[in-house]
């Protein structure tokens, strides 16, 4: 055996030592070509640009300049510079982690969380569940009843009614669950707790208030820019007329263009991926449904599903239900700007969208618990789009094209549904006169269905029926018509400040019968094999989306 191996080694050495001139011509040419290609590739090495060579120094200079700007801002304006300071901290951290590995931060945090997780795992699942439930209930009840009461915004009794309403809504979801034994209570508890803590941070802390107040002013400022473009086309007089066509639709179109630019720059994907990653870790939901939930407050109910297009065909029924619920539970950024232009409070709208994001997932997981094994369990993946714009102008143009489609769709839907609603109400009024019922309308009939739910939200007694009718309009017509009625003097002047505030939370969602068709059509075109599942789950998802906005209103009522 040893003799055989030594013979092979000698043969190999002989082959290696054969001169190139004695090799066959084609083999020799191959070696020569390889050598020449290596020389060419070494010569074609791209030289680093000026920015790449001095990147570190440029970043240091940028941070120093930005820091000087923030110091000057604090000296001149004090606490008003808080939001700018938070942006400064974000930019500095982003630049720092470009040069320093993120492990210097994630490793200590990992040790911290691992320590507490290992400590918690020493106890049985039953004990962990009981402790989590007791802690959550004690926190919510203690803070709700312990906060100072502002009589102009609500009484302690109304807070207590909102607290009871939260319990009632959870019980209703539990009773109507498809499989109560499969409910993962950790997801539900974390989702409700996150919703409550977000509301507490935004409504009761100065930092949270300043951040979302800044966001609301930013959205309001965007309206002025869209009005500038509209005035250039139709003139100042028409642009400032205040009609739906000149106030709402240009804002929708303009914001769609901005969103597309942010997508092109990679900002939207980054924000959505980070929020989705956090939700996967905290709520134990799959990456696909967490991504859709994180994207829903920014983009429409159909566009958010495009982010998980490769996984739609393999989603479990629970994931599909969560995906649809997330679309029903919030409104898109473009529609939000449209509501602001109609007179709705921007800060309340933004707060409602943020609070409903974790709640939508928690509610969906109660209604249709997860019984399968999601493909994206424990991971977040946002695929890149196949066609990428060449520059930001190209992105702005594509956004405008999508925006005009959305604006025309909104205009056509509002026109058709307003006309149909007037027709139905005229028939009902005529029919009601024969039994001495004046002004019998669809809102009046369907509004009574929502009376107990709106009462539990914590709406003052004298405004319960009025807000119930608005909810009926939102569900059976659409949210634009409902917000239009809310901002009319006939209703706005009747509602108390607390009622008006909580009504915005109730109406801030896409949960209506028209959106069922939109979701089935959009998701069905992306995943044709799941159309039957979509049709089966759509109505349930719409109810869960409605419940999500009601729970957001309930928590806001607990904190007012």
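In case you wondered, yes, glycine gets a Cβ from its N, Cα and C as well.
Note that TrEMBL annotation is computational and uncurated.
Listed in TrEMBL:
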type     : residues : note
DOMAIN   : 165-236  : domain 'Concentrative nucleoside transporter N-terminal'
DOMAIN   : 247-344  : domain 'Nucleoside transporter/FeoB GTPase Gate'
DOMAIN   : 349-557  : domain 'Concentrative nucleoside transporter C-terminal'
TRANSMEM : 56-76    : transmembrane segment
TRANSMEM : 96-117   : transmembrane segment
TRANSMEM : 129-147  : transmembrane segment
TRANSMEM : 159-176  : transmembrane segment
TRANSMEM : 183-202  : transmembrane segment
TRANSMEM : 247-272  : transmembrane segment
TRANSMEM : 324-342  : transmembrane segment
TRANSMEM : 404-428  : transmembrane segment
TRANSMEM : 440-459  : transmembrane segment
TRANSMEM : 502-525  : transmembrane segment
TRANSMEM : 537-559  : transmembrane segment
Average pLDDT across the domain 'Nucleoside transporter/FeoB GTPase Gate' (247-344), rounded to a whole number: 81
Spatial neighbours of the transmembrane segment (324-342) far in sequence, C-beta under 8 Å, 6+ residues away: 216, 219-220, 222-223, 226, 244, 247-249, 251-252, 254-256, 259, 289, 292-293, 296-305, 349-350, 352-353, 356-357, 359-361, 363-364, 367, 403, 406, 410, 479-480, 483-484, 487, 508-511, 515, 519, 523, 534, 537-538, 541-542, 544-546, 548-549
Close approaches to the transmembrane segment (129-147) from elsewhere in its chain (Cβ under 8 angstroms; 6 or more beyond its ends): 123, 156, 159-160, 162-163, 166, 185-186, 189, 192-193, 196, 200, 204, 558-559
Remote residues contacting the transmembrane segment (247-272) - C-beta distance under 8 A, at least 6 residues beyond either end: 222-223, 225-227, 229-230, 239, 241, 291, 294-295, 298-299, 307, 333-335, 337-338, 340-342, 382, 388-389, 391-392, 394-400, 402-404, 406-407, 410-411, 480
For the domain 'Nucleoside transporter/FeoB GTPase Gate' (247-344), residues assigned helix / strand / coil by DSSP: 76 helix, 1 strand, 21 coil
The domain 'Concentrative nucleoside transporter N-terminal' (165-236): DSSP-derived helix, strand, coil residue counts: 64 helix, 0 strand, 8 coil
